Ligand SMILES: Nc1nc2c(c(=O)[nH]1)N=C([C@H](O)[C@H](O)COP(=O)(O)OP(=O)(O)OP(=O)(O)O)CN2
Ligand SMILES: [Zn+2]
């Protein structure tokens, strides 16, 4: 799955950086209508994060590739996602579905990027949960 070509998103920026990484995590979807997904199970998630901007930092980076991976991998790898404070069993907007996990990855990364002087922006998160299922999250406007 690594090194595949991902769907592109239009943006006005000069630089576009893409980081691929994977993490293994457990989850369950806490609703009767989720069928077998109500039971705790695990996935190896494949992630592609797209970051864009016009200005490089003092190292010539838009943002350090390693920092992007670490923000997500250190938090979720070999963890139970339902136990993370970003998720909740009480509100479907915060169940750890593919959609919500993709949005959450965007939120964690964009909060970090907002503190960088060169102000890069995350324009797309591609999250593959299984060989046949993936979600793309693209922020509609600057919400963070
Ligand atoms: N819109 C969503 N639908 C489903 C989600 C989800 O997060 N968002 N999650 C699941 C399950 O948790 C599961 O992880 C994935 O389900 P599925 O693609 O059906 O998995 P299979 O390996 O069984 O797929 P096949 O292609 O049929 O082998 C379900 N739905
Ligand atoms: Zn699942």
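Cβ from N, Cα, C; glycine included.
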Of 27, 31, residue recorded by TrEMBL at the Zn(2+) site of 41, 43: 27
Assigned conformation of residue 37 (active site, proton acceptor) - DSSP reduced to three states: helix
For residue 27 (Zn(2+) binding site): DSSP state (helix, strand, coil): strand
Densest Cβ neighbourhood among 27, 41, 43, 78 (recorded positions), 10 Å radius: 27
Residues close to Zn(2+) site centre defined by 27, 41, 43, Cβ within 8 Å: 25, 26, 28, 37, 40, 42, 81, 129
Active-site residues listed as 37, 129, least Cβ neighbours within 10 Å: 37
